[in-house]
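Over in Swiss-Prot, the protein carries these features:
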{"type": "ACT_SITE", "residues": "SER111", "note": "active site, nucleophile"}
{"type": "ACT_SITE", "residues": "ASP251", "note": "active site"}
{"type": "ACT_SITE", "residues": "HIS278", "note": "active site, proton donor"}
{"type": "DOMAIN", "residues": "33-284", "note": "domain 'AB hydrolase-1'"}
Amino acid sequence: MEFIEKIREGYAAFGAYQTWYRVTGDLSSGRTPLVVIHGGPGCTHDYVDAFKDVAASGHAVIHYDQLGNGRSTHLPDKDPSFWTVGLFLEELNNLLDHLQISDNYAILGQSWGGMLGSEHAILQPKGLRAFIPANSPTCMRTWVSEANRLRKLLPEGVHETLLKHEAAGTYQDPEYLAASRVFYDHHVCRVNPWPEEVARTFAQVDADPTVYHAMSGPTEFHVIGSLKDWKSIGRLSAINVPTLVISGRHDEATPLVVKPFLDEIADVRWALFEDSSHMPHVEERQACMGTVVKFLDEVCSVPHNVLKAG
């Protein structure tokens with residue numbers, strides 16, 4: 001039976017700005033909705049669009065474009081200091097309030113989205129029911145050191161080409177871009193050619209890299225922005241909701257990168273997708289969605305109004 005999606009889009013006012021969002025499914029279904037936080041920082045919802053499949057289970061799915069990206073307000077003239085973790089935490093809380101789901105929701109954060117989701121979950125918000133960090137760092141220094149290790153395993157000459165242009169600051173040189181793409185094809189998305197929604201996200205980052213450059217850097221693995229010293233290690237034990245860690249066998253988020261989630265969070269489980277890198281939701285879409293739905297059904301199975309009554 002084909003699932004006919006109920007979809008609505010809108011904008012949440014965030015101060016003087018607008019946050020675009022999309023709801024797939026019914027927020028009044030009684031089942032905990034899932035908020036999907038995209039990566040970057042500076043990407044868009046497009047490449048994580050596949051998580052809309054979860055709505056067929058009865059859990060409504062909310063996608064949104066973070067400020068500065070996609071269909072939300074762009075601010076290319078803002079100083080890099082404007083773009084902070086705190087800003088994006090405020091935007092997330094504002095969206096939860098706008099959708100009137102702040103008393104009952106789950107979060108799935110992919111890559112940077114899982115970093116932001118971790119910061120949110122560490123604060124123990126009363127309505128958070130479950131947390132899914134997908135392919136996410138816990139320490140940017142570990143992330144970079146693991147990326148450097150993976151780079152050295154790429155075909156001969158790729159790592160050396162990357163080093164040469166990073167030293168020179170020539171990040172737009174076609175040679176650097178081609179070498180970067182080799183890393184991406186091994187450790188970011190192994191589907192060839194890239195699905196249209198993945199290519200669309202990268203095209204939008206290229207069109208306005210304001211947030212990506214300010215907080216991360218020119219590539220996934222050369223982190224020189226404001227997040228370069230970020231870490232959640234030592235704070236993750238504050239996360240007090242059931243947690244599902246997702247990663248891929250070929251992921252730039254290596255087992256060493258995600259290990260602190262498993263070490264520090266009390267109620268945690270790990271799904272490792274053998275044929276995926278950084279995007280199991282694209283590379284093993286059906287299996288990934290099934291894993292997410294099974295987890296949500298297990299940990300959010302009791303209707304929220306029953307919990308409240310108890």
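Just so you know, glycine gets a Cβ as well, placed from its N, Cα and C.
Not measured: the values here are computed from a predicted model.
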Protein Cβ atoms within 10 Å of the residue listed as 'active site', excluding its own: 27
Neighbouring C-beta atoms (10 Å sphere around the C-beta of the residue listed as 'active site, nucleophile'): 29
Distant-in-sequence Cβ neighbours of the residue listed as 'active site, proton donor', under 8 Å, six or more positions away: SER111, ASN135, HIS187, VAL188, CYS189, GLY248, ASP251, GLU252, ALA253
For the domain 'AB hydrolase-1' (33-284), mean pLDDT (0 to 100): 97
